[in-house]
Each structure stands twice: as C-alpha cells, then as structure tokens.
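First comes the structure, then the notes that go with it.
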Amino acid sequence: QECKCHGVSGSCTTKTCWNTLPKFREIGFVLKEKYNDAVHVEVVRANRLRQPTFLKIKKVRSYQKPMETDLVYIERSPNYCEEDSTTGSVGTQGRLCNRTSPHTDGCDLMCCGRGYNTHQYTKVWQCNCKFHWCC
C-alpha cells in the first residue's frame, strides 16, 4: 500500500492511500526461489473411470508433500547451456560474463563448466570530479 499526504506547506491534513502490486524485481526473486525449490511430480492415471487423475511426488527429498503455494513440475527444464532450436534456447556459448560475480552473469554459472577466456577492459569516462583545497 502506498499513501500520499495532501495539505498546506506539507502538512498531512488529508491522506490518500491505495493498494499497489509488489515491485517486479521482488516478484521475480520469489519466482526464481520457487523454481529452484520445485518438486518433480509424475501424473498417475486412475484405473477406474470414476477416480480422478492426480500427481504423485517423483523423488522424495523429504517426507512433506508440496504445499499449494509450492511450484511442481512434470518435465525437466531444457539445458539452457546448449543451443536448442526446438525450445528457442540460444545457449550461453560466446556470451560475455563477469568472472567475479556469483550470480547468473558470473562465468562459473554461465559457462556451464566449459571454461572461459579472460580479457581485461579499460573504461574511460567523465567522472565530474572536483578538487577542494582544504588546508
């Protein structure tokens, strides 16, 4: 929820509030965590016509069954490291990576164990620095 105050000279004589959605980055972070913790399930067909089809945990990593808010999957994700025209994945080979980053832009993760070549770049830019004589 966000609020805004209205009034003379910044006073808050009237306050207007409204509901807002979470930031896109926050939603993405939660979805990525759910993706990382997703549970593999398999479809179990009923033997009788009156029984419904349901999902069963494929590999038991704990004795707890997934909650309604957990992410489950039936098929494994494609290998994003390799090019795959059927899924539209262009792979990660030849992309620039950050050698010191532990995140998805880091070479250890992006290069998928293939190794990588390092290049040193020098960037020159206007810094708008000012010199102040102090003493």
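Here the Cβ of each residue, glycine as well, is placed from N, Cα and C on the backbone.
Among the features that Swiss-Prot reports, disulfide bond is placed at C3-C17 (among others). In the shown protein chains, 9 other C-beta atoms lie within 10 A of the C-beta of C3 (disulfide bond).
Sequence-distant neighbours of C12 (disulfide bond) (same chain, 6+ residues apart, CB-CB distance under 8 A): C5, H6. In the three-state DSSP reading, C12 (disulfide bond) counts as coil. The annotation disulfide bond is assigned in Swiss-Prot to C5-C12 (among others).
Shown in sequence order, the list is empty: the chain has no residue 6+ apart in sequence with a C-beta less than 8 angstroms from the C-beta of S9 (O-palmitoleoyl serine). Taken from Swiss-Prot, the feature O-palmitoleoyl serine applies to S9.
The annotation region 'Disordered linker' is assigned in Swiss-Prot to 41-69.
Listed in sequence order, C81, T92 are the same-chain residues six or more apart from C112 (disulfide bond) with CB atoms under 8 A from its CB. Under the heading disulfide bond, Swiss-Prot lists C81-C112 (among others), citing similarity to another entry as support.
In the three-state DSSP reading, C107 (disulfide bond) counts as helix. What Swiss-Prot records for C97-C107 (among others) is disulfide bond.
Cβ environment of N98 (N-linked glycosylation site): D105, G106, C107 lie under 8 Å away, each six or more residues apart in the same chain. The DSSP secondary structure for N98 (N-linked glycosylation site) is strand. As annotated by Swiss-Prot, N-linked glycosylation site applies to N98.
Neighbour list (C135 (disulfide bond), Cβ cut-off 8 Å, at least 6 residues apart, same chain): empty. Look at Swiss-Prot and you will find C134-C135 (among others) tagged as disulfide bond, backed by similarity to another entry.
Taking every protein chain shown into account, C5, C17, C97, C134 are the disulfide-bonded residues, and of these the Cβ with the most other Cβ atoms within 10 Å belongs to C97. Of the listed disulfide-bonded residues, namely C81, C107, the sparsest CB environment within 10 A is found at C81.
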